[in-house]
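Report on one structure; see the data block that follows.
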Amino acid sequence: MPNKKTIRDIDLKGKRVLVRVDFNVPIDNQGNIEDDARIRAAIPTIEYLLDAKAIVILMSHLGRPKGFDEKYSLKPVAKRLSRYIHKDVVMAPDCIGKDMENIVKNAKSEDVIMLENLRFHKEEEECDEEFSKKLASLGEVYVSDAFGTCHRKHASVYCVPQILKPACMGFLLEKELLYFEKAMVNPQRPVVAFLGGAKVSSKLNVIKNLLKRVDKMFIGGAMAFTFIKAMRYDTGKSLVENDLIDVAKDIIDISKKLGVKFYLPVDFIVGKELSDNTPIKTVLWQEIPQDYMGLDIGPVSISLAKELIGTAQTIVWNGPMGAFEYERFKDGTLEVARAIAHSQALSIAGGGDTDHAIIRAGVINAIDFVSTGGGAFLELLEGKELPCISVLDDK
């Protein structure tokens, strides 16, 4: 883990602390927040800053607006946060400008200010220097607590911490990196990885990097069919990336050379199309009919996955085992989620739809750590250094 300063290392009393959080939460057309997990995840950092008598200035993006758009306002977020911290949150009209400077200048210790959506300004994603300087001028200390954006070189996460010093980690970012280190750098063995999702192409670097770090790997989801095709078996109408068949063969060979036990599903639930009304069958992996496609792992594969989970001391999970958003193809993903949650192993999960699957399985509080980052979590699994962490102050 990078040896970076945290908020524990900084004198915060009376200081204006500019905190980059990730409040990019789903909001419906009526302005209701559908899932506030990311807001709750930032509360330990915010409460620590308040206890330290700091002035807390929060900044985040929300969605992908093209300029100012009221439906992407952070007002509902400020309202929800104030409920959790039992304190008024001052909602700023913008994130830069004279009004902002006045609000910040008049703020007192233990005030909480929420800046308006950073992405109302295109300069945020361009890492514009002038925009970054204006943001940096609002604070005296910079705190990064937005793991989900740490792979992006945007102004608020990459440029501002190079201008505003000291620049340190909040508790959420620290926790993300600590759990990653426990699972991937100094793990209790055996380490078992479960990888799912639709495409090998999106997980190729993850698979290659994890093969160097894990003892066993189980590939589920539609990704499995490219590997089955690489073994010269028919996959019916299942999703296959034909341009990656040779790569899939290489991965199987690499796993053998590294002594990693490499598992594919042994049976599937197949249907004629992706819908809850399609005729379905349970078939062995080498018997998928021509006019059917694999849409979930089958009961024998679920048992195999549970057996692997039972052998693990550490589990890393990324990606669903099937089309779990459909009632008839949910069992593989949800059963694996529940088995991981009930195991004695240290479990970390994240990226893509994994968190949605865990919520649907009703085990969000039983997995040791569910990452708040999608792309950032995948980049860590790929072995990449996250640029927005490297710019923070070393201890």
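The backbone N, Cα and C atoms fix where each Cβ goes, and this holds for glycine too.
Residues annotated as substrate binding site in Swiss-Prot: Asp22, Phe23, Asn24, Arg38, His61, Leu62, Gly63, Arg64, Arg119, Arg152. DSSP assigns Asn24 (substrate binding site) to coil in the three-state reduction, placing it in neither a helix nor a strand. Applying an 8 A CB threshold to same-chain residues 6+ apart, the list for Asn24 (substrate binding site) reads Arg38, Ser60, His61, Leu62, Gly63, Gly148.
On its own chain, Thr354 (ATP binding site) has Trp317, Asn318, Gly319, Pro320, Val370 as residues at least 6 apart in sequence with a Cβ closer than 8 Å to its own Cβ. Annotation comment: Swiss-Prot describes Lys203, Gly294, Glu325, Gly351, Gly352, Asp353, Thr354 as ATP binding site.
All protein chains considered, the CB of Asp22 (substrate binding site) has 24 other CB atoms within 10 Å. Across the binding-site residues listed here (Glu325, Asp353), the residue whose Cβ sits among the most other Cβ atoms within 10 Å is Asp353. Scoring each of the binding-site residues (Gly63, Gly294, Gly351) by how many neighbouring Cβ atoms lie within 10 Å, the top position goes to Gly294.
Residue density at His61 (substrate binding site): 27 other Cβ atoms are found within 10 A of its Cβ, drawing on all protein chains shown.
In this structure the alpha carbons, written CA, of Lys203 (ATP binding site) and Arg119 (substrate binding site) are 28 Å apart.
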